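Taken verbatim from TrEMBL:
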type     : residues : note
DOMAIN   : 26-290   : domain 'G-protein coupled receptors family 1 profile'
TRANSMEM : 12-37    : transmembrane segment
TRANSMEM : 58-81    : transmembrane segment
TRANSMEM : 101-124  : transmembrane segment
TRANSMEM : 144-164  : transmembrane segment
TRANSMEM : 184-208  : transmembrane segment
TRANSMEM : 229-249  : transmembrane segment
TRANSMEM : 269-292  : transmembrane segment
Amino acid sequence: MVELDVISHQLMIIVGIIMYILGFFGNILNICVFTKWSFTRKTPNENNANNRTGNSSLYLLATSIANFILILYPLFVRIYVDGYQNLVTPTSAVLLCKFRYYVLQTSLVISLACICLATFDRYLITARSVRLRQLSTTRRSTQIIILSITIFSALHSIPMALYYDKSSTGDCSIVSLTYSNYYLYFVIVCLYGIFPVCFLSIFGTLTYRQLKMLKHTNQNGSLNIDKQLSRMLLFQCIALVFSYIPYCAQNIYFSKFVDKKVAPTGFNLLFRILTIILFYVNPVMSFYIYYISTPNFRRQVKKIILYLCHNRQTIHNRVHDLTTTIGVH
């Protein structure tokens, strides 16, 4: 049992730090790419279908920002508490429990809602029916929807900050039985599990079928933008399903079959750590899924990196010239 405990904590530290670094830089690049795709000015001669491709980019931009926040703080606290075994104290409960779970739930709901809407938008865009394609919202409407989701998520998560507190085992737990049941059955099972899994499975499958019917390619012979975005989201949906189902199962198991008054050890601790790691796989690996699956995304990332390298070299040359000039005088 002691060996399993040590392995569990070391696993959280090593894998957690690797995931933190990968997710931190990956989501920064995601934000750069989707900002570029979302806010690049369109020329008047571009058709309406191409203009609507920005809707999915806006949803993915919101998802990437939410995932970045999810990694920046909640994952950091997980490593600090579960990896390095720093127990929560009454003075640290606000930051390590209340604020952490408020940020986690708010960010996760935004991320899940926006990825579902992006998938639905891809389904509409790739539909053969003109009526379905016309249902894709305008840029302005998409921005309003994202803002509404953000406000709803922030308000819906307020009870997390109220009811999460230090537990007797030095971890975090919900002190209200009523809200604990609501959180388990509605938030964990439905909001994190059943709804996104079913929604993404249905519309991901429908989009995949429609993708097989798309035969159009651009002049370079590669997939068009609509098809690339749709395929990118399809792989993201698969990762999301495998990421959150184990986490939901773990919450149900610990809620019903494990004594909350005793800190988990042995197999229970290992199971908990593994599901937590899987929980963060989706927000961490999104960039790498996009990069591997989408040629257009790879080209955009390379352009951003080359641009940053060019600017850095330009600044270095200017500093060198200024230093040389000062030295001459």
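Just so you know, glycine gets a Cβ as well, placed from its N, Cα and C.
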Given the transmembrane segment (269-292), its same-chain partners at Cβ distance under 8 Å and 6+ residues beyond its ends are 4-5, 7-9, 11-12, 15-16, 19, 22-23, 26-27, 29-30, 33, 63-64, 66-67, 70-71, 75, 78, 82, 111, 232, 235-236, 239-240, 242-244, 246-247, 249-250, 253-254, 298, 301
>> Before we move on, state whether the transmembrane segment (101-124) and the transmembrane segment (184-208) share at least 3 Cβ pairs under 8 Å, counting only pairs 6 or more apart in sequence.
In response: yes
Relative to the transmembrane segment (184-208), the stretch among 12-37, 144-164, 229-249 with the most Cβ pairs under 8 Å is 229-249
Same-chain residues at least 6 beyond the ends of the transmembrane segment (12-37) with a Cβ under 8 Å from one of its Cβ atoms are 53-54, 57-58, 60-61, 64-65, 67-68, 71-72, 75-76, 78-79, 82-84, 273, 276-277, 280-281, 283-288, 290, 297, 300-301, 304
Given the transmembrane segment (58-81), its same-chain partners at Cβ distance under 8 Å and 6+ residues beyond its ends are 12-13, 16-17, 19-20, 23-24, 27-28, 30-31, 34-35, 37-38, 87-88, 95-96, 99-101, 103-104, 107-108, 110-111, 114-115, 117-118, 121, 139, 142-143, 146, 149-150, 171, 233, 276, 280, 282-284, 286
Per the Cβ under 8 Å criterion, with at least 6 residues separating them from its ends, the transmembrane segment (229-249) contacts 53, 56-57, 60, 112, 115, 118-119, 122, 125-126, 188-189, 192-193, 196-197, 200-201, 204, 207-208, 210-211, 223, 274-276, 278-282, 285-286, 289-290, 293-294, 297
